[in-house]
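Asks: What follows is a structure written as structure tokens; I'll ask about it next.
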Amino acid sequence: MSNAQEAVKTRHKETSLIFPVLALVVLFLWGSSQTLPVVIAINLLALIGILSSAFSVVRHADVLAHRLGEPYGSLILSLSVVILEVSLISALMATGDAAPTLMRDTLYSIIMIVTGGLVGFSLLLGGRKFATQYMNLFGIKQYLIALFPLAIIVLVFPMALPAANFSTGQALLVALISAAMYGVFLLIQTKTHQSLFVYEHEDDSDDDDPHHGKPSAHSSLWHAIWLIIHLIAVIAVTKMNASSLETLLDSMNAPVAFTGFLVALLILSPEGLGALKAVLNNQVQRAMNLFFGSVLATISLTVPVVTLIAFMTGNELQFALGAPEMVVMVASLVLCHISFSTGRTNVLNGAAHLALFAAYLMTIFA
């Protein structure tokens, strides 16, 4: 076996599974403890376990994505993020203690962390390194065309209704609309307009990571199996740690929306770091595909799945954002339309997005 193959194969040894397994053992033995230092330690270990498996999910999805090529590659990664998010939300909802606003807060946080924070940092760092970066304008517009109405329908429109929320029938209809919109988008992305999501002059030569996106010595089935194993690990750790996390947040007097922020941060961390690196390698199109693909897939698929789970379990869901959150989210989506209106970006675009990200943090922690 060559050194290159051995290097790739070594990268895919599943030692990262040790952390979620260790977290599960600790949670089983001491998860009911109410002592604050123990609760903090348990939550830190659970966080390490969840992140370890989340990074592994994205790593295996990345190998499968490379074999499928664009735009299927970004689609695989986006769907992996959605599965992680639905798993986390469902596990927290299953405890019976999750707030009705958990899905709403998570969706809001994902939209703002991506469109404000990650896009802002990407454009700022990329602009400093390359001055001006280029992307396929028409592809970005397709994401925004689909994303804007979904965000408005799911998170803003309910406030205008008499009860300031969807009825059960309306919620199920919105779930159907969300899934249908994503189906239409997938048709555009994978069948009729694939070229819109690829920038032909993307600089692949600057990618100095010998492992990122490169074919593995293992089979696709091997990666698919381990991807599923790590997803199960994330679900198991989250479910067992739910009560301990609630104890910690109560002791910290954390704001209600902080749980949604935490879920969004956990699921976006692996893909976000990978996309930031892509921008620094002058692969901004790939990064934006990952960012906006994740947000679009999150709204389109999380809403139907979580709505059905809530309907079957009798849990209540609150959809409408408050006025400050609405203003910040709509402003961020409008800014995305402006920033990507020419197909060129620089540091000013990044600074503008980060300014709105700071406003988002005010709505969470103020």
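Numbering starts at 1 and runs along the chain as displayed.
Each Cβ is built from the backbone N, Cα and C atoms, and glycine gets one as well.
Copying in the features that Swiss-Prot gives for the protein in this structure:
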TOPO_DOM  1-16  topological domain 'Cytoplasmic'
TOPO_DOM  59-74  topological domain 'Cytoplasmic'
TOPO_DOM  96-106  topological domain 'Periplasmic'
TOPO_DOM  128-143  topological domain 'Cytoplasmic'
TOPO_DOM  189-216  topological domain 'Cytoplasmic'
TOPO_DOM  238-255  topological domain 'Periplasmic'
TOPO_DOM  277-290  topological domain 'Cytoplasmic'
TOPO_DOM  312-318  topological domain 'Periplasmic'
TOPO_DOM  340-345  topological domain 'Cytoplasmic'
TRANSMEM  17-37  transmembrane segment
TRANSMEM  38-58  transmembrane segment
TRANSMEM  75-95  transmembrane segment
TRANSMEM  107-127  transmembrane segment
TRANSMEM  144-164  transmembrane segment
TRANSMEM  168-188  transmembrane segment
TRANSMEM  217-237  transmembrane segment
TRANSMEM  256-276  transmembrane segment
TRANSMEM  291-311  transmembrane segment
TRANSMEM  319-339  transmembrane segment
TRANSMEM  346-366  transmembrane segment
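Help me understand the surroundings of these features in the structure.
Replies: Mean predicted confidence for the topological domain 'Cytoplasmic' (59-74): the pLDDT average there is 74.
Only residues 6 or more beyond the boundaries of the topological domain 'Cytoplasmic' (128-143), in the same chain, are considered here, and those with a CB under 8 A from a CB of the stretch are 185, 188-189, 193, 196-199, 201, 279-280, 282, 284-285, 288-289, 292-293, 295-296, 340-347.
Within its own chain, the topological domain 'Cytoplasmic' (340-345) has Cβ neighbours under 8 Å at 123, 126-127, 132-137, 140-141, 144, 284, 288, counting only residues six or more beyond its boundaries.
Proximity of distant same-chain residues to the transmembrane segment (107-127), defined by a Cβ-Cβ separation under 8 Å and at least 6 residues beyond the stretch ends, is recorded for 85, 133, 151, 154-155, 257, 260-261, 263-265, 267-268, 272, 275-276, 279-280, 282, 284, 287-288, 291-292, 294-295, 298-299, 302-303, 321, 325, 328-329, 332-333, 335-336, 339, 345-354, 356-357, 359-360, 364.
Distant neighbours of the transmembrane segment (144-164): 104, 107-108, 111, 170, 174, 177-178, 181-182, 184-185, 292, 295-296, 299-300, 303, 319-321, 325-326, 329-330, 333, 336-337, 340; these residues of the same chain sit at least 6 beyond its ends, with a Cβ under 8 Å from one of its Cβ atoms.
Beyond the transmembrane segment (168-188), the same-chain residues lying 6 or more positions past its ends with a Cβ under 8 Å from any Cβ of the stretch are 75, 142, 146, 149-150, 153-154, 161, 196, 296-297, 299-301, 303-304, 307-308, 311, 317, 319.
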Asks: For the transmembrane segment (38-58), what are the same-chain contacts with Cβ under 8 Å, counting residues 6+ beyond its ends?
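Replies: Beyond its ends, the transmembrane segment (38-58) has Cβ neighbours at 14, 16-17, 19-24, 26-27, 30-31, 77, 80-81, 83-84, 226-227, 230-231, 233-234, 237-238, 240-241, 244-245, 247-248, 251, 266-267, 269-271, 274.
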Asks: For the topological domain 'Periplasmic' (312-318), could you work out the same-chain residues 6 or more beyond its ends whose Cβ comes under 8 Å from its Cβ atoms?
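Replies: The answer is 93-94, 98, 100-101, 103-104, 165-166, 171, 306.
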Asks: Same chain, outside the topological domain 'Periplasmic' (238-255) by at least 6, Cβ under 8 Å from its Cβ: which residues?
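Replies: That would be 23-24, 27-28, 31-34, 36, 39-40, 42-43, 46, 50, 87-88, 91-92, 94-95, 97-98, 364-365.
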Asks: Looking only at the topological domain 'Cytoplasmic' (128-143), how are its residues distributed among DSSP helix, strand and coil?
Replies: 10 helix, 2 strand, 4 coil
Asks: What counts of helix, strand and coil residues does DSSP assign across the topological domain 'Periplasmic' (238-255)?
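Replies: For that range the per-state counts are 15 helix, 0 strand, 3 coil.
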Asks: Check for me, if you would, whether the transmembrane segment (256-276) reaches the transmembrane segment (75-95) - at least 3 Cβ pairs under 8 Å, residues 6 or more apart in sequence.
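Replies: Answer yes: the transmembrane segment (256-276) meets the transmembrane segment (75-95) with 3 or more Cβ pairs below 8 Å.
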